Each structure stands twice: as C-alpha cells, then as structure tokens.
Amino acid sequence: MRLSTQVVVGVGCAVSAVSAVTLPRGLKDASQETKILPGAYIVNFESTHISTDSFFQNLSANGISATSRQNFDPSIYAGTSFHLHNASDSDLDTISNFTQVKSITPVRLHKRAAPAQRDQTVRLWDKAEAFLKKRSLTESNDTMTTHKMTGVDKLQKEGFDGTGITIGIIDTGVDYTLPALGGGYGPGYKIAYGYDLVGNYDDLGNPVPDDDPMDCLGHGTHVAGIIGASNDPYVLGVAPNATLHMYKVFGCADYAPTDILIQAFIMAHNNGVDLITSSIGGANGWPEEPWSAATAAIVAAGTPCMLAAGNDGQYGMFYASSASSGTDVTSVGSVDNTNSPTVQTVSDYTVDSGSPVSFGYSLGTGNFSNVNLPIWADTFDTTVIDDGCSGFTANVTGKIALIRRGTCTFDEKVASAYAAGANYVVIYNNVDGVLTPSVTNTDISGAAMVTKAVGEQWIKLLAGGNVVEIHFSTNPILAVDTPGPVNTLTGGTMSSYSSFGLTYENTIKPVISAPGGSILSTYLASEGGYAVESGTSMATPYVAGVVALFMQAKGKGLRPQEINNALAATAKPLDFNDGTSTAPYLASIAQQGGGLVDAYHLIHAGISLTRSNIPLNDTANFIDHPEFYIVNSGNTTMSYDLSHEPAGTIYTFDSNYAIDYDYSPALFPPPMDQLYSDVTISPSTLSIAPGAKERVTITVTPNPALNSTLVPVYSGYIKVAAASSLGESVRIPYAGVATKMNDILIADPTLNIFDNEYAVGTKAYSGPGASNGTIDVFQPSTYNYPYVIWNNNFGTKSARMDIVAVNGSNPVYTLGLATVGSLSNYPVTYISRGLPGYAYPTLFDGSLSDGTLVPSGVYKMVLRIAKTFGDLSNSRDYESYTSPPFYMDMS
C-alpha cells in the first residue's frame, strides 16, 4: 500500500529542524507553506464491503490508538478519517500495510478560494447605521452587466429563475439574515437547509457540528448572492428562485480539512440536491487525490459538481486545482466583468471652505472617523507612474497625502507619506474603479482609495491654488455604484488570475468560464451587506446558477456529462488578454475551456455534441483520430458546415528554460505562439435528420515548427455551423501537448543539493564520492542532520527518498535498488509542481519509515521522482539523484 499525500516532507518529528535550514539563493521553504491537520489521516479502503468497525478493530489489535473523525458513505468513497494519538512512522507503515487499506493520506487543510482581488468590501465604523442609509453614487436600473454578458438577462425575461431546482453550496456559511437571501433559513425560506460541519472548529481542533450555517467570513454569503439574491436594489442572482442548501465547512478561519470537505459533498448528494457548487481548492492537478476522487464519484452517481479552477494564473501552465481536477467535474475559469461596480463609503469634501461635495472611497486600513484635514499632493502630474515610490521632501504634517497608484506597493507609498509627517493617505486609482488598498503598515492612522476621476479632480483643484479639505463623517453612508465604469482594459476577457490547466494527465480543465472579475454581490450584514470581489470563486456559483436554469428548462434528468457537453458547446470563445491588451487570437483552451458561458444559447440550442472536449494527450500517447457525434435537436433536417478555429499556443517554459537556475514554468503572461495545428475534419459537411446523430472524426497534426523542449500546448475548436439563415453554431474544444511528457525534467537539477551546514565534523573516507578523502559527520542526538534540498518543476505521482548503507547491509530492495529502507514520510504521491523561489529541505534523522533507526555508519540519500506517464514499478521511469556519502553518528 502507499502513503499518499499532497504534503511533502517535513511533517514528521523534525519539523522544527526543517524550519531552521538555510536554503541557497534566497529560496523559501516549501514544506512550511503546506498545511496539514497534525495526526489526522484519511484511509481509502480496497473494497466498499470493508467496514470502518473492522478497520478500527485492526488498529486496536496492533496497539494503535486513534479517534474517529469522519466515516464516509462507502457507495461514494469507501474509507474513513481518524486522528492518531502520538502517531509514529511505524504506525503509518503498519496501517498502510493493512490488507483493508488502499491508501492512507494526511488530512490537508484547504484554503478557501480567497478573492483573487478584494475589490471593495465595505468597512464602516457605525455599520448598522450605515446599512440603513444605502444610496447610489450614480443612478441606473441596468445593474447586472454580468447577465448581459451571458444572456441570463434574456432568460429571466422569459421566466427562467431556477424554480424547482435545489443547489448545494459548500462554503463558509451564509448570512441568512440578509433580505436579499430570504431573511432566514429552514423550510419555506430561500435557504431551505443549512448545516455547520465544523461548529467552533479553529482548524486544529475537533469539529463541533450544529445546524446553524451562519457565515463569519463573508465568502459563502457572496457566493449565495451570485446564485440566488432577489428583491434587492443592486444584486440579482442568476437563479433567484432556486432553493439553496448551505454546508458550512469553515470556522472563522481560512482553512477546511479534506475529510470535512468530502463529508460535506457526500451529505449534499445524499440530501438530494440537484447540483453542488464549491469555491474551494488548491493546486494539485491529480484526479486520484481523495477529494477529487470523491467528488468524481458523486458526479458519476448523477449529481453535477461545479468547482473553481483556482486563482493561480500567475504561475502559468499545468496548475489545475484539487477537486476540480476530478473526472467529469465542471471546473470553472473566470472572465472579467465588462464593467467595474464599486461599493464605497461616502463622505464630503469642500473647496476653499465652500459647499460640501460628496465622494466615495474604499477604506484599506485604519479609521478616518471625524477626520477633517486638507489634502496635499507632491505632484500635479496625473500621469506620473511612480508617485510616492522614492519618498517625499516636503513636510506633510497635518495633511492628508494624495498619491497616485502605480509602480510600487501601497505599503511603500504609505511609508513615504508617513515619513514625511502624514498620518492619513488617500491613493487615487490609475484606472477606472476602486479597490481596497492592501496596506499592512501599522504606523499610519488611515489609508483609503478613491477613483481616478475623483483624484484627478482634486489634483486639478490643487494645481489651481485651491484648498481642498476632506470631511470624514462619524456615521458614514454606504454607496453602491453599479454597473460602474466600463472596463476597457480586460472586460469580457479571461481574468489574468484564472488558473491554467491542463491536468498532469492532460485532461482539459477548466471546462467552462464565467464572470468572476469585479462581481457585486451580498456580504455580511455586519460588514455593510455588499462587496465587490474577484476570483474563480465568483465564476463557479455563476455557472451553478446557469445550470439551475438549464435544469429548469430541460428537466432534472440531465446527466453531468450532458451538462458539460452543452456548456462547452454553446460557450463563446474569448480572445487572449495579457492584462494590458487583447490579442488578435483566441485564448488557449487550457485557460478558458469552452469559453464564456452563454446561458441563452445553452437553453435554446438546436444542436448538441456528445463530448465536452477532446484531449489529444502528448506525442507519446497521442489520440490519432478522436470522434464525436453531432445531434440534431431540432424538428427539421439540418445541414452543417464544420471548420477549424485555432487558439493561441502556449509554451509551458520560456526561452530562459534551463538558463541561470530557471527550470520552472513561465509566469503570466505565458509565452504565446501562433503556430497553429493542421486539422482535418471528416466529413466537413453533413446533413442530419431531426433527432438523429452523425459521427465526425478529426485528425490533428501539431505544427512541426513548435519548440518541443518548451512543452507547447496547442488547442482550438471544431466549429459546427448550421447552414441556414439562423446561423446557429456550436463548438468542441481540443488540446494537446506537442512533446513527450515523459521527457520533462521533474526535479530542478540545480537544487538536488546535499546540505552539510549542520555537520559536526568530518571523517576520513577513501571510498568514491568523498571530497579530499573525507566525508561529513552528522549527529542526530544533537539535532544536526544531513539535508537534501530539492524542488519539483512539474507534478509527479510519486517521490521517494531511500537510504543506502555504503558499507553495511541493504536488505530492502526497492525499484531495483538495495537499501536499508525509506526515509520517514516517504514515499509521497500525487504532488503538484513546486513554485519558483521555493524548495523542499529533506532531513535524515536516522529514522526509517518502518520506525527503526539505522546504526552508525556511512550512508547515501537517494531521491527518485516518477516521470510523467511513467510506470511506478519501473526504476527507469524515475529521475534519480544520489547524495555524497556521509557518516551518521547515532550515539
């Protein structure tokens, strides 16, 4: 059996020692970034017929003390989770060798999919009073631009509102007191059911579940509003009459354990919800991971599951998220809103002591209550790009520093102002809209942001010699400006933060994308009731709402695969945007999936396809002639023309690959190419009778000019257009990798470093690998250990660290290598790729995975990492790195 984990080394007895190691080149310790629940594990049983009682009896018979955490429905996920008391590596080794156990996995703490950008969340001093004083900065009834983007507005006019559909939400809970969300929960309310799976859980204690799903973080409330808000002047959900169930999996902190997530999904499924949505995840990309596997099983049982693709677009290709990587799970990417709604606090300013003029701002930190001060600006140039980045020479005491956004961080600008004597700072935006400035400086009394227009107006007044004084109220008023200014930079294109696929097995994720950038929705009543947030967290519930409308129109009998097929087929492909401009070619399928969801086309389509996408895999596992079927869902015989629409090719690595320690995938924006594939479609025209279907075969030939060393991911669409005046068309996306992925270098070869920093001395040694006839000596009893420092530039199914006795007995044969055994906590499996700037320091304290200690002697550490698509039982399908010999003094 295997010890399966997404948590790499450093989780055992020597965590404190790991944290002390000095890494080369200023690298950060990746093992400190991974969060697990200490002592908690999930086992997956070999069979659905194995009972949890028999498993715990087996634990007791082997002298292993444990407390049960969660028992899972074996029809979905055969297994259980538990907490070991005083766990040892030998206990884990014993459990992994139970005949009942298929795998054992540490319980990982999953961070809620925090907003990629916290645009504005209202922060008020007299929050209850402010909530009663809502008004708009601009007047408009046309507020939901996201619904115009997707055609939801037209569907709602036709009467589609989600009636009769129940949506299960797995999140932080919900503030059900908000009128927009029904004002309560339970039978007869919009939120008809709620359950708190963790209670007062603080991430490291045992859950104390109850039936009150009240939100204390706001995320779940925002999600619920995107789906179902109604009777509100600013927010209208996609499916405002859908019934909602809320399963709270977070306490008042940012992490939820894997076993609680699995249990919440199973509970929602068993409660009979029609679909499940969750905006939680973390980089993984392996469908075998427990939460991904359990979610896929729920999908296979007939309940569609929508999950966020992730907000890690900055890290480039092959960064799919856990759970959303599951088979047939609907992974959702994010598209920026065409407009930028804002939620601001309103105060006034005067010019030369004249009449007050209202303005809105977003508070970043501190308190402006009852502050009445003039503003000051270092420059009247409203195009300056580095305002406040190099300090100020003027004395700004008794004034509010007005600084333009750009170049350096908000903290750096605030520090410059504070050093010049200012206790308050207002930053004006360099683009339309406002966001909440991220300020961690605790010296400043207050920092806020205003819009570009307001800031430039103040600068103009100051330049004219006027005195501009801001008067911050003790009872501020909340203002919602919607739809807000048009986003001319990125509106209607993929959000730069939206994570890229593919998975490590080259399945296509995301499946679909939806509005997720700058989304106005409900929020905690105690925080003002509204927020504008950005992320795939917002896009995912949007798709859930669309699917609810689809089910209302077509019936609840739709299979999850049919839903994915229809979502992708009717979506709108989007051009690539690098954050500054839009390219004249389509964004990669690895970023957008099918494209922007088109809810109106989804429901009114007269054509359907039998696949959601076509993964072509890599050159060694290439799918030569994939097929799909076109179904004529209309009432008359139709003719169709088929054509190829290429998307931009992305190189996983840039031209600096393998130069100056650079072995990591390229960051956003990734290197793009317009070297498109040659695609043959057979037949290219066809006629189909009503209700009938016809097979189509395609042959894709990647462009031979692509640089295979940089791992190019090519993609595009097969367009099926009706040859009629209606002009309806649908598409099926495809993607492949123009290289042999087994050749991708997994480990960074510059980082397989043997660290002798903690050697207590040297010892004469004449064998191979010695430096100047000596080897380093380590003494675990004094907390001095040898380390191997490594990082994986690509995901791997397995990494193992074995110990070889140079002159002693090596009784354990592992993958053809004679060893004394494996290092504690190894092997680890289903690992996502590491990030640039991080590395894993792996220490050897003399203990092996079976709980035994090695005797004093000369040893080597051997790191072996499985190659992509490799045979885990074949040593030739591993990269192997061996340390120099060293002496372990076990006295």
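Here the Cβ of each residue, glycine as well, is placed from N, Cα and C on the backbone.
Heads up, TrEMBL stuff is auto-annotated, nobody curated it.
Marked as domain 'Peptidase S8/S53' by TrEMBL: 162-574.
Here TrEMBL flags ASP171 (among others) as active site, charge relay system. In the structure as shown, the Cβ atom of ASP171 (active site, charge relay system) sits within 10 Å of 29 other Cβ atoms.
Marked as active site, charge relay system by TrEMBL: HIS219 (among others). Around the Cβ of HIS219 (active site, charge relay system), the number of neighbouring Cβ atoms within 10 Å comes to 27.
Secondary structure counts, DSSP: the domain 'PA' (386-457) has 16 helix, 15 strand, 41 coil. Taken from TrEMBL, the feature domain 'PA' applies to 386-457.
The active site, charge relay system annotation in TrEMBL covers SER537 (among others). According to DSSP, SER537 (active site, charge relay system) is assigned to a helical segment.
Residues or ranges marked as domain 'C5a peptidase/Subtilisin-like protease SBT2-like Fn3-like' by TrEMBL: 615-734. Confidence in the domain 'C5a peptidase/Subtilisin-like protease SBT2-like Fn3-like' (615-734), given as mean pLDDT, stands at 94.
Helix first, then strand, then coil: DSSP counts for the domain 'C5a peptidase/Subtilisin-like protease SBT2-like Fn3-like' (615-734) stand at 3 helix, 62 strand, 55 coil. It is 10 Å from the Cα atom of SER537 (active site, charge relay system) to that of ASP171 (active site, charge relay system). Between the CA atoms of HIS219 (active site, charge relay system) and ASP171 (active site, charge relay system) there is a gap of 7 Å.
Other Cβ atoms within 10 Å of the Cβ of SER537 (active site, charge relay system) number 30 in total over all chains. Secondary structure at HIS219 (active site, charge relay system), as computed by DSSP, is helix.
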